[in-house]
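Visitor: As listed in TrEMBL for this protein:
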type	residues	note
SIGNAL	1-21	signal peptide
DISULFID	C31-C46	disulfide bond
DOMAIN	60-210	domain 'Cupin type-1'
BINDING	N105, H110, E115	oxalate binding site
BINDING	H108, H110, E115, H156	Mn(2+) binding site
Amino acid sequence: MAKQIILFSLVALSFGLVAFAFEPSPLQDFCVADFTTSARVNGHVCKNPASVQASDFSFSGLHLPGNTSNPNGSKVTPVAVAQLPGLNTLGISMVRIDYAPWGINPPHTHPRATEILTVLEGSLQVGIVTSNPDNSLITKTLQKGDVFVFPVGLIHFQRNVGTGNAVAIAALSSQNPGVITIANAVFGSKPGISSDILAKAFQVDKSVVDQLQAKF
């Protein structure tokens, strides 16, 4: 019995050492993304520091309004690692969001990031939906200068409730936060989800699903 306890303790200790044998902080000054290599890692391979330039750490154009002439009446301009290679491994990114009057940023989630949004111009209704089984809607109307946080993974949205254009800036806790727009994912997947499945899930006639899938 004593030997079994000792063995269990040694196994538990070894797993504990493995759990702590990782470095959560960067191990170098920076790791600018190298998009020229096909090597696959969790993130991007580091560019040779000798070839790093100031342009790897800068992005221009966030002052320019986005084109909101689309069915949603909004435009998201991202500044993630794909646009700013110096963000690689740093766990942060940002976006500018422009909204036409009554434009929306439709219900979506970020699978890898929490988002904190600040209204620069206009009035925005924002909301989050909690997870099952409650599915509670938490919503608020924001004015210029107001801030709202969207926890990682939760469905959330924004809507311009003013008579003029609205603008927001948001920061996200990942260099590559990802986005899953609910309607696009459910009705526009490739290949499509069976309409029989969606009809049962949404408790509607199959013809309604076919009509929605045709839009995406």
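Glycine too: its Cβ is placed from the backbone N, Cα and C atoms.
TrEMBL annotations: computationally assigned, not manually curated.
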Visitor: By a simple count of other Cβ atoms within 10 Å, which of H108, H110, H156, the binding-site residues in the record, is least packed?
Guide: H108
Visitor: By a 10 A CB contact count over all chains shown, which of the disulfide-bonded residues listed here is most packed: C31, C46?
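Guide: Within the set of disulfide-bonded residues, the most crowded position is C31.
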Visitor: Taking 8 Å from the centroid of the Cβ atoms of N105, H110, E115 as the cut-off, which other residues in that chain fall inside it around the oxalate site?
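Guide: Result: V95, H108, T109, A113, L117, F150, H156, A170, L172, P177, V179.
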Visitor: Which one is it, among the binding-site residues N105, H108, H110, H156, that lies nearest to C46 (disulfide bond) by Cα separation?
Guide: H110
Visitor: Across the domain 'Cupin type-1' (60-210), what does the pLDDT come to on average, as a whole number?
Guide: 97
Visitor: Write out, in the order they occur in the sequence, the residues of the chain not among H108, H110, E115, H156 that have a C-beta within 8 Å of the mean position of the C-beta atoms of the recorded Mn(2+) site.
Guide: T109, A113, F150, L154, I155, P177, V179
Visitor: If you count Cβ atoms within 10 Å of the Cβ of E115 (oxalate binding site), leaving out that atom itself, what do you get?
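Guide: Cβ-Cβ neighbours of E115 (oxalate binding site) within 10 Å number 24.
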Visitor: By a simple count, how many Cβ atoms lie within 10 Å of the Cβ of N105 (oxalate binding site), its own Cβ left out?
Guide: 26
Visitor: Could you measure between H108 (Mn(2+) binding site) and C31 (disulfide bond) for me? Cα positions, answer in whole angstrom.
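Guide: So the Cα of C31 (disulfide bond) lies 30 Å away from that of H108 (Mn(2+) binding site).
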